Every structure is written in structure tokens, then in C-alpha cells.
Amino acid sequence: MSSRIEILNAGGYRSDGRRQYELRTINIDLFPQGSAADGFATLSHGLTQVSVCVFGPREAKLRSQTFHDRANVNIEVGIAAFSSSERRRRGRGDKRILEISQTLKSTFDPVIQSSLYPRSQIDIYVQVLQQDGGLLQACINATTLALANAGIPLTDFVCAVTSGVHSTSPLLDLTLLEENDLPNVTVAVMPRSGKVSLVTMETRLHVDRFEEIFRLAGEAGKIIHAEMKKAVKDRTERLVAPMQSLGRPATGENDY
Amino acid sequence: MRPPSPSIPEREFLLSALKQNLRLDGRDFLEIRPIQLSFGPELGWVECSLGKTRVLAHIDAKMVKPQPERPFEGVITIHSEISPMASSEFELGRPSEEEVTITRMLDKVIRRSDVVDKESLCILAGQRVWHLRLTIHCLSDSGNLLDCACLASIVALKHFRRPDVEVIGEEVTVVCSNPFFVQPLEPQLDYLPSLQHEPTSRAPIPLSLHHTPYCFTFAFFSDASINPVLDPSLLEQRLNEGLISIALNAQRELCVVQKSGGVPLEPADVLKIVNFAVQKAKILDTFVESRLREDWQGRSVEVR
């Protein structure tokens, strides 16, 4: 499909005009547009766009799904039929969707401090609006932001990024075209501890190359963290500003 | 109905044993349970057991019309069903979380990493290709079903031989009509079908494989003093707080790395585990090769 397009040309530019280590534009919107959700985030990495709504912690609909010592985290992922260049409906039982939601669940279970909300439920709805590579990365980052926006206590940010390697030169934040052709790794880091909570790779790659791009992705995660942190701070400032004008002391992010 | 999770005393016992660098079955932390490979009378019929975990993999081939968009490529399908036979934890019909993980992982290890050279399965472009069907039966689950299923599938692919065909013009003739009748040497030679004695018959052909990945699963616990555990047993699998599965071949090429969530790890630890898996893959590869050779020497192939 993309055999005629040069992934990395002699001048060191990629097919979309980026350099090797350049990330795509990150757009973060944390302001809910007519959504009743407690937390909301729309995030785009270039042309990949994901929107996440978080409801809760709230009372569980089914008593049987509650835990006596912690909140139940429920994640549902939907991929819009119009999100890729080929229109394709994916049902709820689709293996790929199940895998993404399972991955998200096991990534966020240890991060959310669910023991603070016993017998309750946190619902996370992830909707993929546009796909252009780095789907899992966008889902993870958007979910982190939506959870932070909902005021749910997290132990740390989870920042994910993909990286791949073209013959011997590593690339960051791959588009769909690059992702289809190159071996790639998705790494999610927790910037405060520097630990890695998720690593996935699905293509053949030599161990030494893997080490290189794995470390690179870890570094890039920190850059993404800075962007995400800035967005959360902006949102908080916007919420706090009206309170200050009324002369009330601002007590915290959730005080609205 | 979900079976009850391990009891609190069981949990405490396992964790305190692991803290003292002991595993309940007496293994080292980075030791795999004894692997047994047994081959059935047919080629491509392999039963693999890791301790008490047993998986049966079976391959058959038939000729089909290729997909129109890929006229030169054969087809491989993987059928795996984890029935309640393996463990009471599985239900019929609805795939459990673990089953989804295993099926997706097998798909990635065998299909996406291009183990089988699909173009070599082409008989007549656009008309006839081989369709390989890999069926996986999980016979008993006592932890680490994934590694066992991967190993069984890979060995089955290496063990399998497809019938030879002859193409004259547009006509396809199977010259070794049934490779499955390549039987063990001694017994029942008298009622073997006479097919292999036909003057035109040829020896069945092994599949051409690009590489042979092996999968290794490590379990982690949130207590930092507990080291990672290779090849988790049933109890370890239920109680762990993070798994990392690595599929790689003896040529130091990683095929799949899968750590989805769970306890976060230091980057250096991840790399350490990967390097350890590299050594294990080499050892496992020589073991598999020697077992396959032994089995092949015990079979007779008559070609006249």
C-alpha cells in the first residue's frame, strides 16, 4: 500500500514532514460540550482523535458488580464506523475492541485509588473518532486526562507513546502509514516514578533495536506528560478564576 | 458463575513463601516446569504439557480458493476454544477475559509475526492454495495456558507435513494423497493403506517456516521484594498483579511483547527480563529440535 511512499527520506523528513523524534501536534480539550459526564477529555495526536467520558464514582447499577473494599472500574470502548478510511462497523464483541478495553482496564486499575470509594462504580466510556496510528496511545492518554478532570484520585499520570524503527533509525509517534510498515512499540510510562506500566509490541524486531526504541519511548512519555499536565492546570485555573472574582477562597480543583 | 478466588490463608502462604524466595512447587523463580512433547500417529498432532497444564494442537490442510485480494497466499486459521474441561473457571460460549488474551496472543505470535511462509502454500495462483487449520484444545489448566498453547502450536507447525501436489497445466494432482499415514515404525503395518506404496507417491513436504517463536510469561507481585516468576502456576497466575508475555525466537528477534497494565516496572527490569527470555528461547529451541528429530527417526516414510 505504502511501498511508494518514503517513510524517512534522505533529508531526514518523514512522510508527513516531521523529523525523526518529532511528535504530532497534541490537542487537548477538557471542557465538556453539553455532556453530563463528571470528567471529559478529547485528545488528538495529529489525526488520531479519541473522546473519553468518565462517570462516577457513583452507585453501581447492579449490586452484584460491587466490591466491598474498592470501586469497580468499568471501561467500554467504541470505535466509530467512520473513524478509519474504510468504513467498518465493529460490534461490541469484536476481539480487538475487547482487547483494548481489557488493556485499558488493567492499566488503570492499579493507578486509580479505587479503595477510596468502596461499593461504588466508575464508568469510563472511550469513543474513537478518528484513527491514524497510535490508537492505544491516544486511548490511554485521553483516559488519564478524563479521570483527572473528573477529580478521581490517581497515583500518577499514565502517558503513552508509540515508537518504531525504520531500518536503523528510530521514529516517534507513528502515523497509520508508518505503523503498518514498521515494527513498533507502545510504551506507557508513569512519569513520577519513571516506571513502565504497559509495553506492547506486535511485530518482529531484534532485541537490541527493541532496547533502543523502548528507552526512547520512555523519554518521549515525559514530554507528553508535560503537555497533559499543562492542560489539566489550564482547566483548573479556568475553574478557579470565577471563584476568586467573587471573593471566595479557592480550595481545590473539585470545588465547583 | 465464577469460582471463588483463592482464600486469604492461601494468599498469605504463597506471598510469604515467595518473599523467602521459595515457590510452592519447589522450582526456582526463573525455572519452567518440565516440558513434555508427545506426538500422535498423525503428522501435526502434538500434545504439549507444562507440568499439569496440557494443550493439544492439531493441524490439517485442505485446498481452497485463495482470497481474491491475495491470490498468491495460503490461508491459516487458528481455532481455539477453552472449554470447561480445562478448568471450571471457563464457561462454554462466552469467551472469558483470559480466553480473549490467549486467542489474540496466539494470533499475534503465529499469524502476525509471519511464522509460516504463506506464499509457499500457493499451488496455482488465484485458483488453489493450501488452507492450514490449527486447532487448539486446552485439556487441563494449571497455570500458564498461554505459553503451553504457543509451544504446542509452534511444534505442531514444525511437525506437520503437507501432501505433495503435482500441477500439470491447470490440473492439480495430489501425489502423496495423505501424509497422515506416515506411521510409527513397528505396529499395524499390515493394514496401512496402500497409498504410500503407489509408484507415483512422494514424501510429504514440511511447511516452510520463517522462524520459530517461543512464548514466555512472567508474573509480578506488587511487593517489591518478590522477584518476577517465570511460568506461573495456577495459584501464582490467580494472585499475580501483573504479567508480561514475551514471544521471541532463538535468533534474538522479539515477536510480541505484551505487558498490559498491572504493576508498573522499572525500564531496566523489563530489559533484564527480555534478555533472560533470549537465553531461555535458545535452550527451548534445542530441546524442541531434538524431540522432533527423535520422533521423525521413529517414523517410516516409504518413497518409491
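Using N, Cα and C of the backbone, Cβ positions are placed for all residues, glycine too.
Feature annotations, courtesy of TrEMBL:
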- A:22-153: domain 'Exoribonuclease phosphorolytic' (DOMAIN)
- A:156-219: domain 'Exoribonuclease phosphorolytic' (DOMAIN)
Could you please provide the mean pLDDT value for the domain 'Exoribonuclease phosphorolytic' (A:22-153)?
91
Please count the residues of the domain 'Exoribonuclease phosphorolytic' (A:22-153) that DSSP assigns to helix (H, G, I), strand (E, B) and coil.
35 helix, 43 strand, 54 coil
In the domain 'Exoribonuclease phosphorolytic' (A:156-219), how many residues does DSSP assign to helix, to strand and to coil?
19 helix, 28 strand, 17 coil
